[in-house]
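Pulled from Swiss-Prot:
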| type | residues | note |
| --- | --- | --- |
| TRANSMEM | 68-88 | transmembrane segment |
| TRANSMEM | 109-129 | transmembrane segment |
| TRANSMEM | 154-174 | transmembrane segment |
| TRANSMEM | 176-196 | transmembrane segment |
| TRANSMEM | 204-224 | transmembrane segment |
| COMPBIAS | 277-286 | compositional bias 'Polar residues' |
| COMPBIAS | 287-303 | compositional bias 'Low complexity' |
| COMPBIAS | 318-343 | compositional bias 'Gly residues' |
| TRANSMEM | 363-383 | transmembrane segment |
| TRANSMEM | 399-419 | transmembrane segment |
| TRANSMEM | 422-442 | transmembrane segment |
| TRANSMEM | 455-475 | transmembrane segment |
| TRANSMEM | 479-499 | transmembrane segment |
| TRANSMEM | 513-533 | transmembrane segment |
| TRANSMEM | 573-593 | transmembrane segment |
| COMPBIAS | 654-665 | compositional bias 'Low complexity' |
| COMPBIAS | 676-685 | compositional bias 'Polar residues' |
Amino acid sequence: MKTKRFDAALILILLAAAFLNTYHIWQDDTANQYYLAAVKSMTQSFHNFFYASFDPSGFVTVDKPPVVLWIQTIFALIFGVHTWSVIIPQALAGVGSVFLLYRMVKPTFGVGAARIAALVMALTPIAVAVSRTNNIDSMLVFTLLLGSTCLLRAVKQGKLVWLLTAFALIGLAFNMKMMQAFMVLPAFVLFYLIASRVSLKKKIGSLLLSLVLLTGLSLSWAIAVDSASSSSRPYVGSSQTNSVLELAFGYNGTERLFGQTTGLAKGDMNAAGGGNMQNQDNMQAPNGNGSSFSQNGNQSFGNHSQAPQPPNGQTGALNGGGGTPPTGGNGPGNGGPGGGGGKSVNMFGTGDPGPLRLFQSALSGQISWMLPFSLIGLLGAIISWYRDRRGHAAKMKETLFWAAWLVPVAGFFSIAGFFHQYYLIMLAPPIAALSGIGWYTMHRLYKNNKDWSSYLLPAAVLITAVFQVYILSAYTSQIGSVWMYVLGLLGLGITLALLMLKRSHPFSKLLTIISLCVLLLTPVYWSATPLLYGGNSVLPESGPQLKGSANGGNMFSSEVDSGLLSYLRKHNTGEEYLFATLTTVTAAPYIIYENESVMAMGGFNGTDPILTVSELKKLIKEGKVKYFLLSENNSGNSELVSWIKKNGKEITSDEYSGSSSSTNSVQGMRRGPGGESQQTLYLVE
């Protein structure tokens, strides 16, 4: 009986992926507080768990569906609410994606192509950066790859159950990140139509049934929430009508393409007109002794570091990574997990819309290192199929699946008006797969042909190396120019070797492997930068701009003011909420670290129309809340803010600042979408 042997190279690749995704996360005290607060709240009741409530009292939800947060909450219930316990699921998903890609490529293209695909996936910088956070996208990609695996099996085995499972997994993915999950639908439908061996009538019938299942699963949670009485559930965060369906197809749908048009506040983001934002680089991050809380007895968060000053006195508008932006110019602006935006499409450091957007310095370092190689490899696959259609039919169909994933997604990000850099992880699987497939096809053309097609491999190596040098040229202020010149010389040298030793078969395969190693040198370093320098938990990114950034200079997080906390606890007379504030940024640390219920009256960035003045009056009259912590530069929910200031008694910071040392680096200051601003406490009875 023939036994299956483990692929030692795959084991090493998986270990490398696990190392990049997990190393030091147990010592990392930073996480996306928006989601971490939700997980903490979701551990406290099934009501909060089902609705993905941001706060313990179930006032407002986060702006994403709950499936990934459900997984994180289960881990938190088992291991306690730590940063590492909510990051581990995404780290494991990142490793799982590498394995699934290997398993998908190997049967058709061989072990060599599968190894390369897995390695490129493991070394994709943005994939590593996202997998080291509690953001949702790594789990989303894993789920879509799992669905892709089922789709391939459906075609090969001809069984409807695998097709239904594949589309059901897209429906599950919709309940992770909404419309982003549907980006792979064209690839799924096209591949089944061209690759399945059943009749056209049966193909259409099977696809229609699968799409019905997909639709039902996708909308199941949204319909369940929207059908519930608004008084019996939390408000749907970042929606304007308290509807999950509106959130899915508006804020998390069309606005991602055309630019954010809802939930904007002039004082917070100054975004609608693309105006200037407050510089965040000179803002100090919290550096107190950290706050502890008990979930299963001994959970704690460690010390928080100080955000860096930009080198050479340079500044960057809302530089999410801290440190110096590429080329020493103005850093990209960033938005939070649920907000920020406007129609200024360059606000989030995503470059200028256009067909070459993925090749611009703003995005290329995150995802595009192997993009030229994969595109030229796709050309090689098409040439091989054209010359031998019968022999390469199956290979071409699978190649088209990855191309149909790559092209629409790349096209979307080339023109989209509202997204963050870490969304580009959606491009990691097709680029990695086409890199492996491209190596397979171009090496065969290189070895077996004497015409122009045999030069595709040397051309791919040279063009990709030149492009990587171009990417590096934007970072000379961080890493110098030596790396750029060394890579250029190595790329030129290996290209010349491929040309001169083309007919020396004993060396040809070794040369192609060496050429790939050269092309992966810089992605290895880029992928390691979150480990080396600390990443940004809210807006993950990789690159040397993180150097010296101390936990990413995370602007969308804040700390507990222990003096304020002591004062509010002392004067609480049974109110359900310790205090109310406008944004989740201010509320989150009190929920996470202190087990307190804090009301975020305006959702993530303070602009959600959750309460009217009369509804707020009712809450105050019922004794549910009486203290309000407001920021001076908040213009969201202006009616509420004006009413509170007019009818409330201002509590000066002198009354609570001396009662206990504050863990904030700046007394009474607020950080977040509106930058740094003075906060004032009001009492309304």
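Cβ coordinates come from backbone N, Cα and C, glycine included.
Quick caveat, the model's predicted, so the values are computed rather than measured.
When DSSP labels each residue, the compositional bias 'Polar residues' (676-685) comes out as 0 helix, 7 strand, 3 coil, counted as helix, strand and coil in that order. Under 8 Å from some Cβ of the transmembrane segment (109-129) lie the Cβ atoms of residues 7, 9-10, 13-14, 16-17, 20-21, 94, 97-99, 101-103, 138, 141, 365-367, 369-370, 395, 398, 421-422, 424-425, 428-429, 431-433, 435-437, 439-440, 516, 520, 523-524, 526-530, 535-536, 540-543, all in the same chain and six or more residues away from its ends. Counted over residue pairs separated by six or more positions, the transmembrane segment (204-224) shares at least 3 Cβ pairs under 8 angstroms with the transmembrane segment (154-174), which defines the two as touching.
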